[in-house]
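J.: Have a look at this one.
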Amino acid sequence: MSKTAGVGRLGGARAADAAQQQQLAAGDAAVARAARPIETLLRAAPLVLCVAAMTLMLRDQQSNEYGTVAYSDLGGFKYLVYANGLCAAYSLASAFYTAVPRPATVSRSWVVFLLDQVFTYLILAAGAAAAELLYLAYNGDKEVTWSEACGVFGSFCRQARISVAITFGAVLCFILLSLLSSYRLFSAYEAPPPSALGSKGVEIAAYPR
């Protein structure tokens, strides 16, 4: 009788654990459904910012008695245009991807995480390069006898400054997306159990001293 009772208690505990896991899964699914519109809007926000920054930079040109200057004359500004275009396309694609309900898997979470990282660093590098160009345009560089240019081409510099500021707004959005995708990836999926590593476990190389 005691053995039968023990088996019954074990079966009841397993059933309770299974029910608890189902409740947790249902709760996670409800949270995911509620958070999907918010994440979709967050992923669409860089699209607006990147298109605005790219448009301003593409139209940035000034002519006066000293000559003509355009964004295409400076490599850093051209890089900013290309980076904003690529990030705008990714923002649109990721917003559509997030808006469509689909089961979350480890592989999909990894893909989204890696793409978020790549485009975050891409737009950050573009903003930093353009900001450095603006600094030189406003202040010059006495060590290499570069004079400042914004005193002559003030309108060009002001429009470029607005474009760079909007780009850093997009950078902030991509940083938030990177944090979100990394949290989803590393909190929802646990490390593989020791049995999945094989009978030998993890082998660590030993180097001679």
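From the backbone N, Cα and C atoms, a Cβ is placed for every residue, glycine too.
Sharing the record's features from Swiss-Prot:
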- 1-37: topological domain 'Cytoplasmic' (TOPO_DOM)
- 38-58: transmembrane segment (TRANSMEM)
- 59-79: topological domain 'Extracellular' (TOPO_DOM)
- 80-100: transmembrane segment (TRANSMEM)
- 101-109: topological domain 'Cytoplasmic' (TOPO_DOM)
- 110-130: transmembrane segment (TRANSMEM)
- 131-161: topological domain 'Extracellular' (TOPO_DOM)
- 162-182: transmembrane segment (TRANSMEM)
- 183-209: topological domain 'Cytoplasmic' (TOPO_DOM)
J.: Which stretch, 38-58, 110-130, 162-182, tops the Cβ pairs under 8 Å count with the transmembrane segment (80-100)?
T.: 38-58
J.: Average the pLDDT scores across the topological domain 'Extracellular' (59-79) and report the rounded value.
T.: 89
